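Undergrad: After the structure tokens below, expect a handful of questions from me.
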Amino acid sequence: NDWLGLQFHDLNKQSIKKPDELENQMSHPPGQIDPNILDRIQGSMIGLTIGDALGASVEFRPYQYLKDHPVTDLCEGGTWGLEKGQFTDDASMALCLANSLIACHDFVPYDQLVRYKWWYRLGYMSSNGNCFDIGEATSRSLKEFERRQNALAKEKNIPNEQIDYLSGSELLKSFNVYCSEDGVAGNGALCRLAPVPLFFHKYPSIAVEYSGQSGQITHGDQKVYDACRYYGALIVAALQGYTRVQLLDNDFYFKHREWFGQKKLHPDIKSIAEGSYKRQGGYSDGIRGKGYIVNALEAALWVFWSDGDSFEKGALAAVNLGDDTDTTAAIYGQLSGAYYGYSKLPNHWLEHICAKNFILTVSRWITYEGEHWNRSSIMPNEQ
């Protein structure tokens, strides 16, 4: 599966192949795939991407601006000068994470960081071939990852061109993949989360633990770990066909404690799990589309709770909260897309989504690999 790695147009490796340029190289997994699960997994991945693309043109615009000029459709231009349907860091990082799970057939944080680094330095999985809109916490963690890679290469005499390809080696066991400082609590881990619960959905406790770890490698705060665990659990439940009432039950966490192991949720995340986001007034009641993890989780769940059974209405409401518009909508899109399924997403948006066929095929591979992944006797948090 060469399309999962770095692919360039030129021998000098100056012009990277973008996801939409890889669509003809992709292979399809063999055999039958459960169409219901596939519909939800494709819904989650494309839902994330629609949300990201929808909010991209007005990213960082305040609520008041969007109240006066609400977003009603996919737009071009704006904050990043993108074409209609192109996505930003949220979907790019989600594709990095998905590609890692597929290529490694497993959860390998070192490989995930390598792919985020490729995105950061080379534009891997970017919709326009360049890294843009990277969050400060993510870039700091990736610079620290590079520093640790360089130290390992020097210590063990590993050539630079081999340092990104250590998967499965003994060296990896001693490599500390937690590259964030403590207390880093931005939303940049939650915006890319979906591939993990989608891949491991058959094993909820593993899906939940890996969801937390997937965030912690770049965002070190416990609130990020627990926000990712809780949202990962909701995505798993959506894949299992839970109703909206069941997903938004204030006792969901209590009723699924076995999914969360011995580690309790941080009080700020537990409060959200118990329904703190259920506020009729939305913005006027304190719901904010901000970059802080607690705000971001609360906003995405408020939108899902109040979307009137319409993905379109919800995605627009997420964007029109203002501020970190694309990320709020991308987080909403992961859960709501899994709940509604790809077949229920708005066609007039689907036809414009950049690299749609690439993302659909990646989703097919997530479904296939997740189906064939075997639970080892070691739980992830005991390794």
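Note: Cβ is positioned from N, Cα and C throughout, glycine not excepted.
According to TrEMBL, the protein carries these features:
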type    : residues                        : note
BINDING : T88, D89, D90, D324, D326, T327 : Mg(2+) binding site
Undergrad: Check the binding-site residues T88, T327 for other C-beta atoms within 10 angstroms of each C-beta and report the one with the most.
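TA: The residue with the densest Cβ neighbourhood is T327.
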Undergrad: Starting from each candidate's C-beta and looking 10 angstroms out, tell me which of the binding-site residues D89, D90, D324, D326 has the most other C-beta atoms.
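TA: Sorting the candidates by Cβ neighbours within 10 Å, the top entry is D90.
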